Amino acid sequence: ENISAKWKRETPLYDRELLQARLSHLLKIRERGDAPEMVYALRTDMLRNLGNMSNKDLYQGRAEIPKPIQDYIQEVTLQLQYITHYDFPDFDVEDKLSFLRETRHAFGRTALVLSGGGSLGTFHVGVVKVLFEQNLLPRILSGSSVGALICAIVCTRSESEIEDLMEKFCYMDLTFFSNSSLPQILKHIISKGSLHDIGFLAYRLRALLGDYTFQEAYEKSGRVLNICVTAANTNEPPKLLNYLTAPNVVIWSAVAASSAFPVLFKPTNLLAKNRQGEFVNYLNIDKTHCTDRRWRDGSLEEDLPTQGISEMFNVNYFVVSQVNPHIVPWLALKRIFPPKLSYLIISEWKHRCQQLAEILPHWFPKHALLVFCQRWEGDVTVYMETSITSYIFMLMRAVMNPTSYSLKQAMREGSKNTWPRIAAIQANCAIEQTLDECLNKLKKRVDSNILKKRGRIPSWLNIDFSRENSMESLDQNLPSNSSQTDEERKGIEELRKSSRYGPDVM
């Protein structure tokens, strides 16, 4: 296919002329070395979907980014790096930090969301492996059930540990179901009311993940872990757990609760660490106000908590890995029917399920309907392909412990289905990654020049609120004036007066 034919095919999908005009303007500014104009141009019109360049139809069946989009992205990243690394008059580090923070906020963030699906979730490992190897793994991850487990494994490890883990993952012992044979399963469901033992699952999760809390995992890895759970004995909405909403909750207990799908596992307690590092039931204020609150799989009501993540972390681009056995066949319709017809069929099914859920009496179990009323897809969706003949086998695999062979096979399938989406993810994440890298470099420069490590404002989690004047104790954690240089004292004073150097949510 020659270039003119390719342009003709792609032109209706994005505004090539707009991108070329923006690129031409940026090139002229850079040739003049006009930094203020460069900042103005970038700040004025840097959007993730400029000219509809994020259109997922544009990347169907291709392994590369269209050249006009690629040229524009490369020029933007080059100018961001230029602004970060070079000094300009009347544009100091403080101004650069403000520019990068505001631009990053306007551009938005990317999140990886992994669905539930029992043992089929080993598919997610292949997705994560490819994204990590291509340096495209987002800092914000969310999961339900087995998706929560994969996210927790990643978010409790450093970069070097993840790299080592990806090589050895297929040899790990992922035995989380207590019963491995049909007679054992039948005996357990008759005597206990569930297919498998939640205590065995919790024991295995703790051995794999350790006793990290959400806050501790964030401080170690720099990644934001989100796990969605649903209250089992109250009518409250699903709860999104992360280092902001539940910093002291122990991750393995959150993963266990998120895996407690009805019949598969019984609901369980959430555990948290108190100030002495002891395990206590989550949300129990004190010993006189103890409640037996139990939690279960968040995917019953919100498998992909995109709205909560968007509101809390400014995420506007979602990469979804979907393996739920009740959802995958519907996604497969898109390969069989034209897009509009498949959209009509799926929308009608969701609508009818929603109607039934609303008109049925409150005592009627509606979980089977609610799972179909949710959002299934993201901006980019990687899903497990299946056929009618293999679907029954897939359902059986979902509630059985994965073998080494099935783990390798699922990882291979996840990797294979991720590669066709890499171009779309790269086009959407390249500028975002550059903004993060530039901002981190500037913050490190500020920290090293003004605020020494011992002079950082501590997290509120580490402040001793038992002291009589807890707000005074925050100031006492800052370095004393006697050992500060003039530059340090000036920096600390500016910090107290302004929120510009306040701690980022991210």
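Backbone N, Cα and C atoms are what each Cβ position is placed from, and that goes for glycine too.
Whatever TrEMBL says is automated annotation, not expert-curated.
Within the listed segments 116-121, 218-223, 374-379, 416-421, TrEMBL records motif 'GXGXXG' for the stretch 116-121.
TrEMBL lists motif 'GXSXG' at one of the ranges 53-57, 143-147, 178-182, 453-457, namely 143-147. Across the residues of the domain 'PNPLA' (112-310), the predicted structure has a mean pLDDT of 86. It is Asp297, among the active-site residues Ser145, Asp297, whose Cβ has the fewest other Cβ atoms within 10 Å in the structure shown.
Ser145 (active site, nucleophile) and Asp297 (active site, proton acceptor) have their C-alpha atoms 6 Å apart, to the nearest angstrom. Asp297 (active site, proton acceptor) carries a strand DSSP state (E or B).
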